[in-house]
């Protein structure tokens, strides 16, 4: 709240700073029948920021917060106009108030400007008289003080003093009285006087009142006539008139400044300066319009100030005024709507100059690659976009574009290995007509992403290399190469040996394919290796080519000297054997091959005439001369075995031959058969068995030889201590030969015996387990249940028995898997999730049960295959967007996006409205990008908000989908004209409504919203002369003149509601309702009756003889009739309701009579004269 108090020469309003908005800060109320408003012409311009007065009750309120910083240091003047129409006349009061913040401690001084605080205009009706009698009361001053003064008792009218220009006045008890009488001329009919009064409070501070009094004589109708006279006088200066109340014109955009838009002409029939017109214009709705147009004040020609751009603002609305130079100046208004018409001055503009998109190779035909979109700032007729691929031939022929929506699709499945990158030039053409079509291009760069669709390919079907057996360890001996047409990880090849790497002699470098020898080679053990090579790419899942073959041929090196099977050699021979007799077979072996293993024998240390020779190829020593034991019994010499390698290697042995006498007993083995076992890992030289033969001849010497069964010369026999010792000459191999059956001979030189020796080779743990593959690659679907078998791996061991029994174990504990130790089956023991881990590598050991144990290791790579177990996930719980209702088809509104943790097709997401809500087909969604576009014309007034539902669907089998809500607000454009409730409106108002008061409100509704729903109202027909005023913004209808039912009962005007550039009209019938504002009209009248006497009883006129000649201009009034005086004898009978008159039978005589009677008609009286004449 605030406080109002008096100060010298002013009222001061000091509101509290904490007064709330719309809080009451003071009352100007002066009683019933008053109206209040701010005088904007005199008040400070700052007042409207925070002060408002109610026009009915005079309550002064805050309409905004009072900020001391915004209130000037000097107090702000506020001027109020207060008007009333009382029974005594018309009153207009004007006073001013100064406002200051209560807590704004400013000291200020206000100079006296001589202005009065209260100005009262008062009209007094003096009735029939033209004089003011002494002591007559003119006005009660306290009735014209606001409530905050008279209620507070600050001012006392009894302490006032007044001065007048014409009257001698004084105050008594707050009333203004005339001290001396005053009369004025009847021909003038009125008197104007100015009275100045000063009221004082207890402090002696004055309140100045200026009282303009106008005295009129006669009836109320005279007063009304007096009040209308100024209007008639003003009508002499008629207002200008436009030809039309509303003008509409179209101007092309881009026209140069100074282009003529329209010439608006108004006419004024007044002569001279009063008929001269000045034009002006003011923008409505948007002040920017003032910067684009000007009007010639003399001619009304409207031209452009600068070039217009429809895309900046397409409609301009102005209020155009025509003001004459009469006194007072009269103004006419018309309204101009300028529509800027479109020219094709904008070319299409792509959302991006360059689009970049990546697609996977091998996508299906019809796959949606990307949607390009161009917009055009022009109107739809110049922005009807057509798309095409400019360079769509040749390699780009695999793509096509939808000419309407710009969607690029696949026509031919792309192959990255054929073409990895495409560059499409897309053109958008707006098909404009004025001045012609415009186009723009954008570049679409399409990169084809690699899919792992190519297997590695070896450069050769088989690789053959020859490697000397003495090659140093860690020497590169071979190089394999495989290429993959894919790229990146998919083309990165890894190599491994999956078979043939006996005893791990070779190592392959996984990334390069280089093969090194890592253990010494021995041609004599393994002359050739056939390695099977696997090439595996890095894709997921990887593609494997296991067809690589590398043949490593070990080239023999002469690194082995011949080795005699036994040494020394001993033999006996009978002295009577013929020449050429074979005495002993000298046998040596060479582990080399070829020429390196071909041996030549020769005897050494032999004297001349030596009786023995040796076959240099076979090693048989034969007799070359006759023997004579008695000459030489013993021969000792040497033998040399020499290979044919380079360099030559040789070995020597000694031979002892004893010449025996001839004898007649055959040596006999002690057993015909011998059986034994020998482990295959026995070392060379190991004693296997001693066989014994007995000869009963004296001094017989028995020699032993292996006659047959000595496969690969694995064994040798020598004579020792009368027996034949069999020893291991070469290593055994259980796999090659498991049993030997030797036929052994015992000879005394002339006779011999045989025995069989059965040698069983037992297996030794000489072989390690060997996996069938050095690496296993096994796909496994993540949706398989726990306990599912992933793969069964297998290793072999060339040993037997326990040496070949294999146990499988995992080198490292991987909790998701376990392996059966006997079968090698790897199974799951936990759920497998591709999204947690896409692959596992298990190191598996195969270990035999021999002594010592031997093992092999392989690696099992388990590639988890993605199952469609993840639902797509949207980036937001709800998407919101907006689009104008006039947006062209396929306008991009918003984009939704979802991701799927799965891989491959399971993780590829597409978008659809199928099963959801697409706004009954008003919207579409791009399958690949998730961009939502308009598909039909929208209408905000029909559907302002769309609540759509879209799905993200993966491409798994079966597919999984997720839903998301999408809210799209349709933004308003001004596409609806205002609509009146009816085309014809009827308004009923009372006559004598106060001038300038609101008598009705005419309203239309606009289905648009915001500024597009702003409506301008105007009267376009039927308001000539200007009787009514229609507020352009509110539609409030005001009466500009006194409305008199008796003068005119109905007005018909045509009103127009404009929401530029759209308009609508309605016909308004304004029908006045009558009020009792006229006294009955009654003039003096006479009744003349010829009196006579007759015998006929029915000759006296007993019926109605007439009516009282009275009438009331107010049609609704019902008159009442009565005699006031002069009819005491009831000579006339008067019907009080109808005014009908009858004669009394008392007049049925012959006496003359003359009487004057006074008749009253509802308060209005006049005289009736009755004259009765004798017959």
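Cβ from N, Cα, C; glycine included.
For reference, TrEMBL has these:
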- 243-350: domain 'Cadherin' (DOMAIN)
- 351-458: domain 'Cadherin' (DOMAIN)
- 459-564: domain 'Cadherin' (DOMAIN)
- 565-669: domain 'Cadherin' (DOMAIN)
- 670-771: domain 'Cadherin' (DOMAIN)
- 772-874: domain 'Cadherin' (DOMAIN)
- 875-980: domain 'Cadherin' (DOMAIN)
- 981-1082: domain 'Cadherin' (DOMAIN)
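Most Cβ pairs under 8 Å with the domain 'Cadherin' (243-350) belong to 981-1082, among the candidate stretches 565-669, 670-771, 875-980, 981-1082.
A contact between the domain 'Cadherin' (459-564) and the domain 'Cadherin' (981-1082) is absent, since fewer than 3 of their C-beta pairs, 6 or more residues apart, lie under 8 Å. Taken through DSSP, the domain 'Cadherin' (565-669) splits into 3 helix, 48 strand, 54 coil. The stretch in closest packing with the domain 'Cadherin' (351-458), judged by the count of Cβ pairs under 8 Å and taken from 565-669, 670-771, 875-980, is 875-980. Secondary structure of the domain 'Cadherin' (772-874) per DSSP, as helix, strand and coil residue counts: 3 helix, 48 strand, 52 coil.
Across the domain 'Cadherin' (670-771), DSSP assigns 3 helix, 55 strand, 44 coil. Residue counts of the domain 'Cadherin' (351-458) by helix, strand and coil are 8 helix, 46 strand, 54 coil (DSSP-based). Counting residues of the domain 'Cadherin' (459-564) by DSSP class, helix then strand then coil, yields 7 helix, 50 strand, 49 coil.
The residues of the domain 'Cadherin' (875-980), classed with DSSP into helix (H, G, I), strand (E, B) and coil, number 4 helix, 52 strand, 50 coil.
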